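The next block holds one structure in the form of structure tokens; read it before the comments.
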Amino acid sequence: MVAVGFDLHFSTVLFLLLAVTISHCLELKCKEHEYPFGERCCKDCAPGERMRSRCTAKTDTVCAPCQDEYFSSEHNHSFCKSCTICNTRKGSVEVKKCEKTSDRVCMCVAGYMPDVRYTLGSACLPCPEGTYSVGRNENCQPWTNCSVLGKNTLRPGTKTYDAVCSNHVTQPAISQSATPALNLSTTDHKNNISTAVFSPPRPSVIPSICLDKNSLTETNWGSLSLILICLILLMVSGMSILLLIIQAAKKETKKRPYRNNRQGERSCRMPIQEEHIDSNSSLIKS
């Protein structure tokens, strides 16, 4: 029985594999720019066209040109795509018109960079302060810092142009008071005075150290954060001490009524005892 069941299962699996193989062999194979539909191959629409009606058993695919502001760049059997719109209010300009076979091409103007949320060049963002862009869908770049290079700034940077620096490295001016000349006077035998002036050698160029504003702001923020943390800790410690004092005061006030009651009871009992003593003394006298 086990052998018969195994043979039946094996024959079923073999039959299914054979059926799948035959279906693949008999599958309809269409040529390039054709698509299968039922038992026949239908042609695709050419670039710049859209499918108006699908093919049937007797008729082929009916195509029609794309409408205005729509395009189709490949063979297809679907609809045309809408052309990209250049948003001129956001710094975008058209550099290529929309055609039935190709999309419109947009580009960001100088001072703007592409907005990654939209099609390249269709919407742009203005360059932030301290950066520039020459357009052509390029990202904004920071201005050249002439002072860091030890040069003078001939033209400051804008949103459309980079800063222009001088070609020569600037040297710090040496004042005469810093390097005074040494005057040595000598007198000859004929009472003629001649003065020789000697000046010390000029010091080498001292490199200028430029502090970046960003580093200064970072250090200021660090010191401010430390001061704020210290103030918060002082406030928390002060509040905790105040709470401890209040709790201790509450405990003292709870203990005081109990002591007062004890003293009151003692003061009230003493007269009673005196009254008993007086009554006994009167009895004894009688």
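Cβ coordinates are placed from backbone N, Cα and C, and glycine is handled just like the others.
These come from TrEMBL:
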| type | residues | note |
| --- | --- | --- |
| SIGNAL | 1-25 | signal peptide |
| DOMAIN | 29-63 | domain 'TNFR-Cys' |
| REPEAT | 29-63 | repeat 'TNFR-Cys' |
| DISULFID | C42-C55 | disulfide bond |
| DISULFID | C45-C63 | disulfide bond |
| DOMAIN | 65-106 | domain 'TNFR-Cys' |
| REPEAT | 65-106 | repeat 'TNFR-Cys' |
| TRANSMEM | 221-246 | transmembrane segment |
Beyond the flanks of the repeat 'TNFR-Cys' (65-106) by at least 6 residues, Cβ under 8 Å: 33, 35, 42, 44-51, 54, 112, 115, 118-126
Helix-strand-coil residue split for the domain 'TNFR-Cys' (65-106), DSSP-based: 3 helix, 15 strand, 24 coil
Collapsed DSSP category at C55 (disulfide bond): coil
Mean predicted confidence [pLDDT] for the repeat 'TNFR-Cys' (29-63): 92
